[in-house]
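Data block below; observations after.
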Amino acid sequence: MLNPASRSHSKLATSYSLMGLLGVLFLTFFLYSPGLGGTFLFDDEHNITDNKAIQIEDISPESLWQAAFSTESGPLKRPLSLLSFAFNHYVSGLDPYAFKLVNLFVHLATGILVYFTAWQLLAAYRRCQQKILNDTTISWISLGCAALWLLHPLNLTPVLYVVQRMTSLAALFTFAGLGLYAWGRRRQMEGKNGWIAIALALFIALPLGALSKENAFLLPLFLLLAELTLFQFSAVRQGTRRLLIAGHGLIVVLPVILGVLYLLFNLEWLLGGYETRAFTLGERLLTEARVFWYYLQLIFLPRLANFSLYHDDFAISHGWLEPTTTLPAVLGVIALGMACLLLRKRAPVFVFGLGFFLIGHSMESTIFGLELVHEHRNYVPLFGIALMLAYGAGVLIPQRGLRIFMASTTLVLLSTMTAIRADTWGHPLEHLLVSARHHPHSARTHYGAGQLYFDLALAEKKEADREVYYQRGKEFFSQAYRNDPRFLSALLATLAINYTFEKSVNEAQVKLLAQELETTPLTPFTIHNLQKTNQCHLEGECRWPAEQLKMLFSAAVKNPTLVPQAKVVLLTEYSILLLAKGDLSQALQVAEEAKKVNPRDPQLTLNYAALLRYGGRYQEAQAEYAALSSLSLSNLHSQRLQKEKKALEALLDE
């Protein structure tokens, strides 16, 4: 029991800690402000600027539903994140500043939850095991953890890369869930009711996080880790303890077993994610061991030259000793895992921090065929390292002056790096030129720089300056293709910039692109750019010859590596092009092929039936509409079906 003087001192320390948190939040806002003036980048196009569904003008249920499920980003489609983009557009249009400002506020709110979560975890840990911790120490450790997390330059991309609001929203709800759970567990250790807080964590925070991005499904694993290291299923009542153990078996162990069984019986689905990748499952696992240590290097020894939006230049591990650092990296990860098991009782906070980092990467850095390296994947896992470091400084360093010196020096260095990065991101061309200098083998970085020069050339009225921008853009596109011949968007852009500015086009390059589109695995980005090229041509803004576009689409739809969804997209786009150029017969054939690829998609049947009606084949169109009428359709598809049927009836009545 604390005496009045100790209680007063603890309250004062907590107040100072909260004031410190407020100061860190203001500092974070100040540091990131220069970066808000940047532009949309890379995947922002597909999800935001080219996604008409989220560009809503009203907030009707139909508009919101269409926006929420307008992309194929993840198994759950991430509707909550897409809705946030839709509301952003409704309020501010396609203003990147406004989108990034919302991202920054999400980052600040998540930082507050990081403080709350650290406080609750340590308070519950004190109640269970570490009696020497007091409110003063917990307050300052929580502040240090939140400050390091908020100010670290590694956390910049979820703030200034707009589409990564998916990551930051999932993190917001993950930390809310973890903090609520720790609070509920602390109450149970005090003999109070904590089930309401635990229920909020599992049945509110977890679903909201998962609907933002699937990473939030790691929350139950984080909760189990907290129990195994910090809480040890401690409770005043034995019934509560038994319920906790059974509950974790239900929400963690059982889903993991079911997930493993699902993957074992659906290996084709798992391996299908590698069809468009330059690496195999085995190579990915070997490479990710090196990526793991690279992330730790970015955390503990950050250098501005190592940070980048794109890390597509990271070398793939083709074997245990190719490169030679692969085997030591794998052994190092295994050693860390073993250390967590061995030190669980002797150093629970450190094991929790390290285990949190490992679990945080278990979804995106293991077996699934995702890209190899992204900085935003550390947004949640960094919390484990931050808590571990803050706890170490607060408990293991007895000299108060030394603690203050180390903490202030670290935060000043991190703040300086974040300020420099944010300022660079606020100037898009400078950002990509700096990245290209530090990452000369990155195809995406060079492509991005080329695209900016392309845009500058389009906007420039002086012929001499326009020519300079054109040449620079062409050089960057060419270098991007040389860096990665599988990156077909660079070759497509090289042709596009030549056609746009009426330069001579190498016919051999056109034939090469067609050949590559037919044989090289097509990434979603390449498919998206083919769509954009076609739309630009149809709107009369691009000078692509129609016959060449037909040749490119004809080649692309024959690609044997296409997954059904990608093939449907290309076939639909191809049929639109053919119809626009007056080739109704072939457009019908292509639309019918798309329908056969996915006969359960009503949109494809509607497209095909519309072409039948347009071609005067009314009876066949009527049969297609009749088949659709017997199905369970969405409101959007039902409305279009009724509209199409009325149009057909009007033609039949003539």
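Glycine residues also receive a Cβ, built from the backbone N, Cα and C atoms like all the rest.
Because the structure is a prediction, the values reported are computed rather than measured.
Here is what TrEMBL records for this protein:
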type	residues	note
TRANSMEM	12-32	transmembrane segment
TRANSMEM	104-125	transmembrane segment
TRANSMEM	132-151	transmembrane segment
TRANSMEM	163-183	transmembrane segment
TRANSMEM	195-211	transmembrane segment
TRANSMEM	217-236	transmembrane segment
TRANSMEM	243-265	transmembrane segment
TRANSMEM	326-343	transmembrane segment
TRANSMEM	350-373	transmembrane segment
TRANSMEM	379-397	transmembrane segment
Interface check, the transmembrane segment (163-183) with the transmembrane segment (243-265), three or more C-beta pairs under 8 A: no
Criterion met for the transmembrane segment (326-343) and the transmembrane segment (243-265) (at least three Cβ pairs under 8 Å): no
Same-chain residues at least 6 beyond the ends of the transmembrane segment (195-211) whose Cβ lies under 8 Å from its Cβ atoms: 76, 78-81, 169-174, 176-178, 180-181, 183-185, 187-188, 217, 219-220, 223, 251
Contact ranking winner - 12-32, 217-236, 350-373 against the transmembrane segment (243-265), Cβ under 8 Å: 217-236
